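Checked Swiss-Prot, it gives:
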type	residues	note
ACT_SITE	117	active site, pros-phosphohistidine intermediate
BINDING	11, 59, 87, 93, 104, 114	ATP binding site
């Protein structure tokens with residue numbers, strides 16, 4: 001199995017609802033390692049870059065407003081097949097469709113405020129990590 005790094009972000013509703021410890025614990029119990037972590041307030045410019053694939057879609061402005069509404073916790077998560085493992089761990093975007101035992105299935109309240117983001121591909125993970133972390137901030 002190949003060790004990968006992926007980008008994970010606890011969204012404003014997860015921070016507001018005090019779910020940081022619960023989510024980090026689930027990631028670590030899955031055998032993944034937190035290689036970097038910081039709490040930040042995302043500005044609109046960074047939000048536009050993070051969600052650039054959604055520019056022009058009907059929900060884009062609402063998404064940017066939400067993600068800039070409060071602090072988020074950004075992480076670089078490392079482990080065997082980290083991208084795939086994290087995507088499975090977080091569950092479907094809509095918590096009504098997310099399996100019990102997944103982060104969204106257990107913790108998310110709505111599709112709009114679904115607690116967590118995780119990169120869906122290795123190249124995307126690299127781009128998203130670079131928005132929030134310099135190489136010297138990521139531990140080996």
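Think of each number as a place in line: the chain as shown, counted from 1.
Using N, Cα and C of the backbone, Cβ positions are placed for all residues, glycine too.
Tell me about the setting of these features in this model.
Counting only residues at least six positions away in the same chain, the Cβ atoms of 7, 8, 9, 11 sit under 8 Å from the Cβ of residue 117 (active site, pros-phosphohistidine intermediate).
Residue 114 (ATP binding site) carries neither a helix nor a strand DSSP state and counts as coil.
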Using only the residues recorded as binding ATP (11, 59, 87, 93, 104, 114), report the maximum Cα-Cα distance in Å, whole number please.
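Max span of the ATP binding residues, Cα based, is 22 Å.
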Within a 10 Å radius around the Cβ, which one of these binding-site residues has the most neighbouring Cβ atoms: 93, 114?
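Comparing the binding-site residues 93, 114, the most crowded Cβ belongs to 114.
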Give the helix, strand or coil assignment DSSP yields for residue 87 (ATP binding site).
helix
Tell me the coarse DSSP state (helix, strand, coil) of residue 11 (ATP binding site).
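In three-state terms, residue 11 (ATP binding site) counts as coil.
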